[in-house]
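To start, the structure under review is shown below, and the notes come after it.
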Amino acid sequence: MERVYFKKENCCSCSACYNICPTQAIYMQPDEEGFLYPIIDQTLCVDCHSCVNVCPLICDGGYKEKTIPEFFVAKHKSEEVLMNSTSGGVFTAISDAILREDGVVYGADYDDEFRVLHKRAENYQQRNRMRISKYVQSNLEDIFQQIKKDLYNKRKVLFTGTPCQSAGLRGYMGDSPLIENLYLCDLICHSIPSPLIWEDYKRLLEKEYGGKLTSIQFRSKFIDWSRENSNKTFLFTTSHSQELHNDKRFYQLFFGEKTIMRPSCEKCRFTDIYRASDITIADYWGIEKYAPEWMDKKGVSVILINNKKGVYLLEKCSDELKYEKRPKEESLAEQQRLSEPVKFPESRKKFWEDYRKYGFAHIIEGLKD
């Protein structure tokens, strides 16, 4: 095999090909925009085609369910959990259910340099680091192999990630009987921003505010939970001062300019209601219009139950959650990524041309307030 993909829009960096390769001929390498892509070492490749056989962007159907999910509104009964969650605390409830049964949770976390990568959690303290949204593509590395080992050891496993990551794990596991104890939770994903721009942004903050970054939070409930406030609070501290700072420029590039998203996001095949997971969670935007009694300034979630495993997870955390079934039309009206992928602006090409020519500081200076 010369390569797994032929256009960058046809690779989502789910790492299924990297993890499945029997000769370790595949490695992941960042391109000029900072996104990881699989590279095949031709001296090790045996042309087994395992890589293309598991790819969720090549597989017919993308490993998605064929039935329409049931939609629920939900929020955690604990105010402490709500305040430390992105939306309604559903991830905490689901992962608690797995941990109570001596299971393992996999989700996005930070390393010491605030790079985003998937990690393994066996206790509540480790799991808590996975709770708040992280708007950067997570590096999966050999996580799928670790998951398979846990399943082989008869541990229940909850994997949380983007829809394409969930689909990649489904492809990697195939029809193995081990999947009986594997539970997949994905998000309504709005696209993935560049890890390279994230690195530049962190260095800029450290230069402007002094010292190394010591904490960051992409979403906070220092201001009320709402759609309007969801991209207003990127909070951080540095070693120079533990004063809490707020900066919105990364959000401007991501949500506003839409210039730093992965090429595959514009062609995403997972932006509909047919999911590659057992359960899907997100913010329940618009709930104040449809059911005002459910509105809570501390956060409210939407849950999509995609199959019998999703039903099982919801039942297992019924003591921790308050929830009720809702019409799917509400979420379809409010969550655009349940019906179509993001559309890139014409300015994306010029953004990357200017970035390569002038650097990140020049890009930031040109941002509008």
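Each Cβ is built from the backbone N, Cα and C atoms, and glycine gets one as well.
These features come from TrEMBL:
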| type | residues | note |
| --- | --- | --- |
| DOMAIN | 2-31 | domain '4Fe-4S ferredoxin-type' |
| DOMAIN | 36-56 | domain '4Fe-4S ferredoxin-type' |
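Residues 1-5, 8, 11-18, 20-30, 62-63, 137, 139, 164, 167-168, 170-172, 174, 195, 269, 276 of the same chain lie 6+ residues outside the domain '4Fe-4S ferredoxin-type' (36-56) yet bring a C-beta within less than 8 angstroms of a C-beta in it. According to DSSP, the secondary structure content of the domain '4Fe-4S ferredoxin-type' (36-56) in residues is 5 helix, 5 strand, 11 coil. Away from its own ends, the domain '4Fe-4S ferredoxin-type' (2-31) comes close to residues 37-46, 48, 50-52, 54-58, 137, 139-145, 164-165, 167-169, 171-172, 195-196, 262-264, 266-268 of its chain (Cβ-Cβ under 8 Å, at least six residues beyond either end). Across the domain '4Fe-4S ferredoxin-type' (2-31), DSSP helix (H, G, I), strand (E, B) and coil residues number 8 helix, 5 strand, 17 coil.
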